[in-house]
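J.: Quick one: this structure, given as structure tokens, is what I'll be asking you about.
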């Protein structure tokens, strides 16, 4: 166990827990509801190292294209995030909107006394795909949110709330390392949550001293094991972005291992918060595959099961219909032997070597947490995917989102 | 247009429409409900040529394994089919049950005066995965269903009803070719319907004179364009089987092209019947992809869209949320340029070259049939996938199937 493993995780804190960071969240009028919809995270330094990972969707929103570009130098001073509109599929005009937003943030920060260029400002957007943002409100909001942040009040909570869409609760957490450095983070995401990267917006901050390359390694390792293995509905957003900003304000330079561990734990905790608040969730499901020929096989098999509508509806109904797990895994493009597959639900064997076990139909799945364990019996590798059930509430929420 | 294209399709007829076929369907007590659950299709000859296609699921039910084996010689005399249990994941005992069923059918037919070996009897099962069949009822039922068929009453309707599970209506159709030969068929399937082959049970009959190789070609070409492109929920059964039996009783030997066309049209019609009766269906959706770099790309892209839970729930809500179509297709592993994608719903453009079209949010999708057309703009190939919406009724039906 490394030192980070014993560090406490504090969910009452987020991106402003590490030294050197300020944040704010305001209602800029982008959302018709009048709720908080514009967030700013600002790195006061002394360092401005940063790393990011982005959606693998070929259809990328304008803010994703922009932020990829400005991260090329491994430096970020600020992140501006809006809910109420994804600014995806908005063409060159949408990209100009993102650029104009970054310019406005830079100008407002410079006016406040922190010389900043648009190239140091990441932009993230979330909400409905396909509409242009109300730029008058966004630009006025940028001025207001910089003023709010400059007022000195720690606005981490408001920032975490301002990026919510169908989320019902804000998600944030901080890890305080015994060696006096901290990692904090906030995330949003409740639907269109799938794995081909981060599948939501997430900003992580740390006051550790770290180079962009070290941050990049820590972030890629963590997301590969956490957000990449969360799969609510198999749908991958056009806007997914995970950013990690380091201020160096603690003056502590942790080992790469310690940094990796701390970032992993913060991502894992945010991931669990995303799962618990997924659209329509009534069950938190972990699909674990063991005995696979390779870790890739284990991930693929677990993902196929986790995405199967018949498995997900059965678990919504607390129905131990293990045959659907067998039917699902049988379609996974992995090495398997049908006569060696063993399945258990919450520790009770329901299928042994491909054949139903006594009492399999009577396993009680009425509790909220369900573990589906599938042992393929053909190797030594394993992996797990986190998912949720397919409920009436999921259908309801997603059949009336844009209207 | 070939001659088959103008031949009428008659849905009041099925497997007994071609000369040389008898069928029967009875209630053997396999289903607790007492509904019809055992069907027999018998080929009186003079020919007994046959072909089949089976699930690509690596987890194959006992009757699939059996029927693959007995089809090796390209001959079938009879098909026995039961609902009320899939006989999948039942181990060696389940395979012995299938074998015993075929033996019993052969014995009963021989006793009736038609010398038959078990090797000429295909077996198909459908229902819940994982339970052994009540063999006392199955074997007694075999005797009864052979007697029923021997009585001489045309039992095609009863056979089509006896293979239903969550289907609400039987599915059958016959095509009468002007050259005096006929193709008939019956099918079942309402859920666990996806494409990696047939994904349901289907028996086709013809009185044409044809060799097994010609039947095999006609069947593979037809299923690749019909059942393989029907995708209700992305879940592929352990039991999918499509069989084509030829009696030669018409004494007409059609050209391969005419046979291909006729089998394709019968499969396409049964496919439409399956779509219309899919579990929880409120919308019949066709996802067409044009302008793809290859037909494979078009199929893959259309399938990714057709499987996307967010697209399916939006269409359930009659919501023209085209951004979800863009997000879905962006994850398809195909060649595409986000700035050249054009989407229309029921003929109304909602997205042109990757950007929303005026009035896109106002397109009326309240009717039952919805066509989603996605032009990738990067090539000349096209394909379509048939699917349905993701509704409350689908969730309801599948959260309480085995209990």
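Cβ from N, Cα, C; glycine included.
In TrEMBL, annotation is done automatically, which means it is predicted and not curated.
The following feature annotations were taken from TrEMBL:
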type     : residues                                 : note
BINDING  : A:165, A:188, A:199, A:279, A:398, A:403 : substrate binding site
ACT_SITE : A:199                                    : active site, nucleophile
J.: Give the helix, strand or coil assignment DSSP yields for residue A:165 (substrate binding site).
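T.: Going by the DSSP assignment, residue A:165 (substrate binding site) belongs to neither helix nor strand, so it counts as coil.
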J.: Tell me, how many other CB atoms lie within 10 A of the CB of residue A:279 (substrate binding site), whichever protein chain they belong to?
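T.: Result for residue A:279 (substrate binding site): 27 neighbouring Cβ atoms inside 10 Å.
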J.: Which entry in the list of binding-site residues, A:165, A:398, has its Cβ near the fewest other Cβ atoms, using 10 Å as the limit?
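T.: With the binding-site residues A:165, A:398, fewest surrounding Cβ atoms within 10 Å: A:165.
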J.: Taking CB atoms only, which of the binding-site residues A:165, A:188, A:279, A:398 fall under 8 A from chain B?
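T.: Listed binding-site residues passing the 8 Å Cβ cut to B: A:398.
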J.: Please list, in sequence order, the residues in the chain of residue A:188 (substrate binding site) that are at least six apart in sequence and whose C-beta is under 8 Å away from its C-beta.
T.: A:83, A:126, A:160, A:163, A:164, A:165, A:167, A:170, A:171, A:200, A:201, A:202
J.: When DSSP is mapped onto helix/strand/coil, what comes out for residue A:279 (substrate binding site)?
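T.: The residue in question, residue A:279 (substrate binding site), is coil (DSSP, three-state).
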J.: Return one of helix, strand or coil for residue A:188 (substrate binding site), based on DSSP.
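T.: Going by the DSSP assignment, residue A:188 (substrate binding site) falls within a strand, counted as strand.
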